[in-house]
Every structure is written in C-alpha cells, then in structure tokens.
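Residues or ranges marked as NAD(+) binding site in Swiss-Prot (evidence: sequence analysis): Val15, Asp37, Lys42, Tyr68, Gly82, Leu83, Ala121, Ser122, Asn123, Thr146. Per Swiss-Prot, the feature substrate binding site maps to Gln85, Arg91, Asn123, Pro124, Val125, Asp126, Asp151, Thr152, Ser153, Arg154, Thr231; the stated evidence is sequence analysis. According to Swiss-Prot, the beta-D-fructose 1,6-bisphosphate binding site annotation covers Arg156, His171, on the basis of sequence analysis. What Swiss-Prot records for His178 is active site, proton acceptor. Taken from Swiss-Prot, the feature phosphotyrosine covers Tyr222, and the record attributes it to sequence analysis.
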Amino acid sequence: MLKSNKVVLIGAGGVGSSFAYALTIDNSLVHELVIIDVNENKAKGEVMDLNHGQMFLKKNINVLFGTYKDCANADIVVITAGLNQKPGETRLDLVDKNSKIFKDIITNVVSSGFDGIFVVASNPVDIMTYVTMKYSKFPIHKVIGTGTILDTSRLRYFLSDHFNVNTQNIHSYIMGEHGDSSFATWDETKIAMKPLSEYLAEGKITELELDEIHKKVVNAAYEVIKLKGATYYAIGLGIKNIVNAIIGDQNVILPISSYINGQYGGLIKDIYIGAPAIVCKEGVKEVLNFKISPKELDKFNSSANQLKSYIDKMEF
C-alpha cells in the first residue's frame, strides 16, 4: 500500500538528474522527491535548480536534499548511483565495482526502515537488480530494474522511423540482457494490428534491414557515449514511466528487469532479466510468460546464461 507518494532518488549524476527533471515536468502523482548523493553539493545543487522552476510546473512537487533516513517512509527508492560505462567498456565490465557500491547503499536504505519498492537503473542493471534483491532480502515483486525499457524504446523509434508511423503504434519488445546479448521479438512484432511478417512478405522491410535495426539498438549506447560521454535523457524518461506506473497503479506492461524462475521453457531460473511484466502499486504484479519462437527462446536462454555466469561467481 502506498503511503505518501514519496520518492527517494539515490544518485544525482546524469541519469538521476534527468529522471528528477522528467518527473517534475510530467508529475501528477508524486508529492515529494528527495535526492541523495555521495557528493552532497551536487545533490543540493540539483534540488535548488529543480525548485527554481516550480513556477513553470502544472503541479508543484516538493524537492528536497536528504539522507538515508528519508527512505523510511518513502514509497519508492530509485537507484541510479554507481560508476558509469566508459568508452570501450561493456555494461558487464561494471559488475564488481558497482556491486560493492550497492552493498553499502542497500544496507543503509534497509536500515532506515524502508519497506517500499526498489527501482534500479545502475548498470549492469539486470545484475544490479539481482544484487539489490539479495542484499535487501525484499520480495521479488518489490525489486524492479529498468531492464530493456530503453532498448525497447530505441527499437520502436527505429521501426517508427522506417515505417513513418507513431511509436505508440509499434508493438515490439527487446528482451534479455540490457546489453549486447539482447534480442528483438520480431516474430511477435506488430505495426498496429498487422504482423511484421506481412510487411516482410510485401517487401516493405527486409530481414537485412531488421538485422541492421537490432544492431543499431545494441550499439546505440556506445554511439551516444562516444558522441557525448554518457546516456541519460532517454533512460531518465524510462525510469519516470516505471515510477508513475507504480504510484499511479497503472497495471501497465513494461519490459523491465523481471525475476525469472522457470518461465519461458523452464531453463532460466533465479535471475533478473529483461522481459515484459505488469507493473502496479505493489511493484510487479505478473511476469508475462508469452510464447516466443524457438529461435528467440534460444537467444533468451543464451542471454540469461551470460548473466548467470556473473551472478554465480558472486557471494551474498
């Protein structure tokens, strides 16, 4: 049960501040946003900057600088803290560094008395979501990662650009790791009510073009990092959507880091990985176990095994 429509953000870097900004300009539900960062001056500066724009908002939100004590009565704790991916690094290169940072963060949050929902955005997000669940000992439905929400948004953007239709009419997902081993659910993709297979048959898109689109999705982060140093606007919007889905009890389907334990053929167990799930005020209401093609299932298992190889080396 939601208590106060209060969100605590841990991490005032590019991703965290982008989420905070997105939340303030598109807010109808959150009453209070508290920002925590190891760099207290950075957090205080973000709070000041956001508050100075209150006159321009449709609905004011109380933005405050805080400490871990402020997590006690929060509904949601969003974690964007941790080291960022550098040029040439994969997200999985950050496992050891960020898992150590997370142990301290999660311990402090839980010690405050927090019993709400964790939303994790730090990379590698699927593993960091699992780490959060293990360190917090929270029920799996109360620990959510951003998963492939950004990958899916990128996919729908590229498809909408190709077909010249609104992204809202593109129905497709990226599943698996938020990273290089992800895959697109082409066999289940529809443009409005029309299956992608029909567009292929009509010659309006080719298998080669689909492969190129998926490559663009996978390489998007590397390209943005090369050009501007980091990605943060789009994922900030994605986090905002997850938070609003929880606060607003939207029961919306989002491709998040979902806890998989036997779904999708039974081979994937005890892991968080990108898969569509219903998100509501309780966190994850249900991880959808829809049918995907054997080829896609093989890719899902392969992606999960890659993540599992890192998790199995960790001690909790």
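Cβ atoms are placed via backbone N, Cα and C, with glycine included.
If you take the CA of Asn123 (NAD(+) binding site) and look 10 A around it, the recorded positions you hit from Gln85, Arg156, His171, His178, Thr231 are Gln85, His178. Straight-line distance linking the Cα atoms of Ser153 (substrate binding site) and His171 (beta-D-fructose 1,6-bisphosphate binding site), rounded to a whole number, equals 10 Å. Ranked by Cβ neighbours within 10 A across all protein chains shown, the recorded positions Arg156, His171, His178 are led by His178.
DSSP gives the residue listed as 'active site, proton acceptor' a coil state; it is part of no helix or strand. Of all Cβ atoms in the protein chains displayed, 16 besides its own lie within 10 Å of the Cβ of Tyr222 (phosphotyrosine).
Of all the recorded positions in the record (Val125, Asp151, Arg156, Tyr222), the one with the smallest CA separation from Val15 (NAD(+) binding site) is Val125. Candidates Gly82, Arg156, His171, His178, Tyr222 (recorded positions) were compared with Val125 (substrate binding site); those inside 10 Å Cα-Cα are His178.
Cα proximity to the residue listed as 'active site, proton acceptor' (within 10 Å) is found for none of the binding-site residues Lys42, Gly82, Gln85, Arg156, His171, Thr231. Note on Lys42 (NAD(+) binding site): other Cβ atoms within 10 Å of its Cβ, all shown chains, come to 16. Among the binding-site residues Gln85, Ala121, His171, Thr231, the ones whose Cα sits within 10 Å of the Cα of the residue listed as 'phosphotyrosine' are Gln85, Thr231, in sequence order. Put simply, Lys42 (NAD(+) binding site) is 19 Å from Thr231 (substrate binding site) when counted between their Cα atoms. The most densely surrounded of the binding-site residues Gln85, Asn123, Ser153, Thr231, judged by C-beta neighbours within 10 angstroms, is Asn123. In this structure, the C-alpha atom of Ala121 (NAD(+) binding site) lies 13 angstrom from that of Gln85 (substrate binding site). Closest to His171 (beta-D-fructose 1,6-bisphosphate binding site) in space, going by CA atoms and restricting to the binding-site residues Lys42, Gly82, Gln85, is Gln85. In the three-state DSSP scheme, His171 (beta-D-fructose 1,6-bisphosphate binding site) is classed as strand.
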